[in-house]
Amino acid sequence: MAALPLATAEVCDANSNPIIAGELRALPPIFKIYGRRQVFAGPVATVKVFEDNVLVRELLQEKGHGRVLVVDGGGSVRCALLGGNLAQLAQINGWVGIVVNGCIRDVDEINGCDVGVRALNSHPMKSGKKGTGEKRVAVNIAGARICDGEWLYADADGILISRTELTV
């Protein structure tokens, strides 16, 4: 795993060719910052769901081994896909971060966890529990394609996705 902190702005400045080639992408600045871990990086695990967090829980029950879970919730702001219990589960199981294209809840609990969380916003309503969705598939968040196994780097300046692990 890349040594932290890895400044995303410096990475962008030093990697114009991978950016032009599409090997290094920045997510649009639409995410709010939550959790105690403000800077995080790791290989990506993906899940695509809509207003249902059963598969999110299933993935977070696995050992994270320093990975980052990217949840494509379709940008829904009608319910939360992640709450305090799942953030604690992520911390216990060794996930370093979670990026949610959707909402979270239990913000105070999440802010107490040693995991980095990025989400569109918070919402008090819980999600459905039908178990619909897909794990480990390519997702598209605000025009950026993210594949299982790619690398994610996040800090206060933004979120980068790289096809490979970056070195500085």
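Residue numbering: from 1, along the chain as shown.
Quick reminder: no glycine exception, Cβ is built from N, Cα and C everywhere.
All TrEMBL annotations are machine predictions without curation.
Positions annotated as substrate binding site by TrEMBL: GLY83, GLY84, ASN85, LEU86, ARG105. Here TrEMBL flags ASP106 as Mg(2+) binding site.
Proximity of ASP106 (Mg(2+) binding site) to non-local residues of its own chain (separation of 6 or more, Cβ distance below 8 Å) is seen for ALA80, GLY83, GLY84, ASN85, ALA87, given in sequence order. Applying an 8 A CB threshold to same-chain residues 6+ apart, the list for ARG105 (substrate binding site) reads ALA80, LEU82, GLY83, GLY84, SER122, HIS123, PRO124, MET125, LYS126. Long-range C-beta contacts of LEU86 (substrate binding site), restricted to its own chain and to partners at least six residues apart, with a cutoff below 8 Å, comprise ASN53, VAL56, ARG57, LEU60. Across the binding-site residues listed here (GLY83, GLY84), the residue whose Cβ sits among the most other Cβ atoms within 10 Å is GLY83. The Cβ of ASN85 (substrate binding site) has 13 other Cβ atoms within 10 Å, all protein chains considered.
Within 8 Å of the centroid of the Cβ atoms of GLY83, GLY84, ASN85, LEU86, ARG105, where the record puts substrate, the same chain has further Cβ atoms from ALA80, LEU82, ALA87, GLN88, ILE104, ASP106, GLU109, ILE110. If you compare every pair of Cα atoms in GLY83, GLY84, ASN85, LEU86, ARG105, the residues listed for substrate, the longest distance is 10 angstrom.
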